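One structure is given here, and the rest of the page talks about it.
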Amino acid sequence: MKLIPDLIKKITDNEIWRSVFRHGYADTPRNRVLQIISNIWLHLHPAKVREHGTKIRFTWCMGGITFFIFLFETITGILLMFYYVPDVNRAYADIVDLMYVVPFGRFLRNSHRWGAHAMVITVSIHMFRVFLTGSYKPPRQFNWVVGVILLVLTFLLSFTGYLLPWDQLGYWAITVGTNMARATPFLGHEGPFAYILGMRADNDVRFALLGGTMIEAPALLRAYVWHCIAIPVMASALMMVHFWRVRKDGGISGPL
Amino acid sequence: MEVMEEKGREVKDDRVFTWPNLVAKEFLAAIFVTVGLLFYSYVVDAPLRELSDPGQAENPAKAPWYFLGLQEALVYFDPWYAGVILPSIIILGLILIPYLDNNPKGNGYYTFKERKFAVSVFVFGYVFWYVLIYIGTALRGPFWAFFWPWEKWTHDFPTPPPLHDLPLLLGIALMIGFYFLGLVLPALVKKDFFYKLGIVRYVLTMGLLLTMLGTVIKMIFRLVFNVKYIIATPWINI
């Protein structure tokens, strides 16, 4: 089979190609290193990695896929923000418009929604893999802690997005979820020992989450700001720490 | 490298170039994920129900699926535990794992034999979390009543049997006995385990493990003996 080499030769061995790309890529060890270290995105990686770290049966690829889905969600999320206004009088209509009027709007919203679910799944599988390989053991203890916080942030990202369509599904899901805050010991007005701090429906921790005693306009705005700005910023900062620590703690874990 | 070997030190270099060995796989993974997500999004629509109406509660009203394990726990526990303390303990317990597990073996490779305790406990908790999510997602219908997968969700289900609380003193005795025996017995029977961990790690590890098991046991008490609370007081119920 010489099909692929022949094809490559056909595509590259002509005047047009050579007018665009001044020279070819010589597959030398030096160039393999340069591909990584002189590329701002790829130099997140070391130039060389231990072989088992490239094996999908070892890493399951789940951490990388989770990061990739985060980027996917960022891009689709930004596009959705062009069409969606977090105003109780508009939000639902904006989603309906996305589903029926905006070109590719339905596709855009679907992929953002399913991407969010996929991310919750991949991040939890990633944690499972890291546990099974004992990769939280010294010197990587703290990076596991960062990972747990990122897991919680992933849940919260998805949870805050749930309210935004302002439909019955999101509204009652967030009702169920935030009602739990009412029951917080000491800090929620229906929780044990709430009377000690004088908690009422209009000053407890649920009130702080919702910006009111019910899910109304302030709650929608808060969900939106947490979802689109605050949590992504926190998650991004922690991801930087997470990836940096992978490198600093000796790269991908493996048998010593 | 050869120089080092001459000095009698064996240097194992199992490293390969990231480009293309790793980058190519990442690129392929990114393509597969993108294609998969876009294909699924093309075929299946994201759910959208009617405009929200505070006067018209959904029945059942369900949290997002990844929280349904906690919502399912609400059947067995008061909200302060199922919705606040239990998730807090889970997060805290996860964070503590690397500091509690001082077994040096199994660092960076798959093994069950060398860390049976750690893997068993984690896998049990992980699976249990998803079992609860499955029950909460698929088997709970209107009024959070239980329906088998082959049953139709109706509003016409048999009234669940009445629940009762354990007598207060019995409940407190059971609770103290559970934690006391749970802490003391393994230390006496498996002295090795205790000494390897040290008292602080041991108490934290077993405390977290007993709380996880206690959560399951309380569920069994409820399902088998119709016990509502182990400890019922005017201030707090467990």
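Every residue gets a Cβ built from N, Cα and C, even glycine.
Note that TrEMBL annotation is computational and uncurated.
Owing to the predicted nature of the structure, the values given are computational and were not obtained by experimental measurement.
So that you can see what the record holds, here are the features copied from TrEMBL:
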DOMAIN    A:25-255  domain 'Cytochrome b/b6 N-terminal region profile'
TRANSMEM  A:58-84  transmembrane segment
TRANSMEM  A:114-132  transmembrane segment
TRANSMEM  A:144-164  transmembrane segment
TRANSMEM  A:224-244  transmembrane segment
Average pLDDT across the domain 'Cytochrome b/b6 N-terminal region profile' (A:25-255), rounded to a whole number: 95
Intrachain residues whose Cβ lies under 8 Å of the transmembrane segment (A:224-244), provided they are six or more past its termini: 44, 67, 70, 74, 77, 81, 86, 143, 146-147, 149-150, 153-154, 156-157, 160-161, 164
Long-range Cβ neighbours of the transmembrane segment (A:114-132) (under 8 Å; 6 or more residues past either end): 59-60, 62-63, 65-66, 69-70, 72-73, 76, 144, 147-148, 150-151, 154-155, 157-158, 161
